[in-house]
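Taken from TrEMBL, the feature Mg(2+) binding site applies to N13, E387. If you look up TrEMBL, you'll see K20, H211, L212, G213, N214, G215, D285, F286, R287, G333, V334, G335, E336, N337 marked as ATP binding site. Here TrEMBL flags R94 as substrate binding site. Taken from TrEMBL, the feature active site, proton donor/acceptor applies to D151. According to TrEMBL, the feature site 'Transition state stabilizer' maps to H183, R244.
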Amino acid sequence: MSAGAEGAVLVLNAGSSSLKYQLLHPDTQQVVADGIAERIGDHGSSITHEQDGDVEKVSVELPDHHAAIERAMQFFTDHGTDLRSAGLRAVGHRVVHGGRTFFRPTLIDDEVIGEISRISSLAPLHNPANLIGITAARTLLPEVPSVAVFDTAFFHGLPDAAATYAIDRGVASMHAIRRYGFHGTSHEYVSEQVALFLDRPLDEVNQIVLHLGNGASASAIAGGRPMDTSMGMTPLEGLVMGTRSGDIDPGIVLHLHRVAKLEVDQIDTLLNKQSGLKGLCGENDFRTITEKVADGDQSARRAYDVYIHRLRRYIGAYMIELGRVDAITFTAGVGENAASVRADALAGLENYGIVVDAERNALRGKDARRISPDDADIAVLVVPTNEELAIARQSAEVVTRPR
Ligand code: ADP
């Protein structure tokens, strides 16, 4: 029995110790099931699966991603869906870094795997984990085509001036140093939803998209084309994030090495895992930070202020880069849920045509919505992102494209 899975796409997002999955129909957007395996390869691993309205969580040893996918497949079988014979259209893999090679969704073969592996030096924390997921899925579902969807792809077309770092050209070119940008699937998807919401052709809309999750990035998009984005060669640059510093003076890295005597791996851990909101106030969950700010906690207040300051700096820069802005959109966990962030990020900008309506901003909802007055010059929107749907659609398109 393969209940309702024919033609669906299995989307996999493999992290170093986690695996998120979702089985969905790209055309109808219907989600058959989703789940997450956590602490893979560690003590206390578990997997949570949601299907047919049931949420099941089991604590089970998951030594590797192969075991995690196998256990997920067992859940599907329990629900009458044998993934091997269900007629899946594709397995769509989120791959973080496509380097200079990949800028569109790509059917995976041995050669593509070799190239993703070669690019791993640009994203040592991410690409190897993505590859483990790809290999496991290909072994367990050999009949289903696998497609890689790259987080960098959308930003491949950044203008040269935005993509280029002002360092020695020879060194930059030898080591593939440029701005790649990340969260591209989300920025592209959300920008398309904005045009639909405004009922205007995408190529006429100039917009700023603020993807504020654990990782956070901003983008400037003119007529559907990326003009700038805050993440850089790696996902460390730009906004203040949950545990990542975002922009810092590169001289700090040299100082940490020369004077504080930290090794490169220690600096890597400091900037990626112990900085950002967590470094500033010990917390990286925005809900906790908001509560602490309300309780008068000083370090949470400072973390919040630094976060907002950086966000406003990017919004200002992108307004100037775009010249004319039609929409500013908040998305992802913080952007979709934290009304105070939206209000504070855009406070006092009435002279620029930016107004956040307090009542609209306070309303919660799952759908795209406007939080500015209808007659404001610039539409301020909240648009839920859906990277799984975007990956499923792009994967389905690759396998149906004539070759
Ligand atoms: P990622 O996909 O990058 O892991 P998400 O987009 O899920 O992250 O966002 C996670 C962030 O969203 C966390 O910091 C979390 O605290 C925040 N968040 C989720 N719900 C709320 C809420 N109701 N209010 C404020 N922040 C929230």
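We number each residue from 1, going along the chain as drawn.
Cβ coordinates are placed from backbone N, Cα and C, and glycine is handled just like the others.
A TrEMBL annotation is a machine prediction, not a hand-curated record.
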Shortest C-alpha distance to R244 (site 'Transition state stabilizer') - which of the recorded positions K20, D151, L212, R287, V334: L212
Lowest local Cβ density (other Cβ within 10 Å) among recorded positions: D151, D285, E336, E387: D285
Candidates N13, N214: member of the binding-site residues with the richest Cβ shell (10 Å): N13
Recorded positions close to ligand 1 - of D151, D285, V334, only those whose C-beta is under 6 Å away: D285, V334
For E336 (ATP binding site), the three-state class that DSSP assigns: helix
For R287 (ATP binding site), the three-state class that DSSP assigns: helix
Rounded inter-Cα distance in Å - N214 (ATP binding site), N13 (Mg(2+) binding site): 15
Cα-proximity to H183 (site 'Transition state stabilizer'), 10 Å cut-off, over recorded positions N13, K20, D151, R287, V334, E336: D151
Cα distance (Å, whole number) from D151 (active site, proton donor/acceptor) to N13 (Mg(2+) binding site): 11
Where R244 (site 'Transition state stabilizer') sits in the secondary structure, as DSSP reduces it to three classes: coil
Spatial neighbours of the residue listed as 'active site, proton donor/acceptor', counting only the binding-site residues K20, R94, D285, R287, V334 and Cα distances within 10 Å: R94
Cβ neighbour count within 10 Å of H183 (site 'Transition state stabilizer'): 30
The one of K20, R94, R244, R287 whose CB sees the fewest other CB atoms within 10 Å, among these recorded positions: R287
Three-state secondary structure, the residue listed as 'substrate binding site' (per DSSP): strand
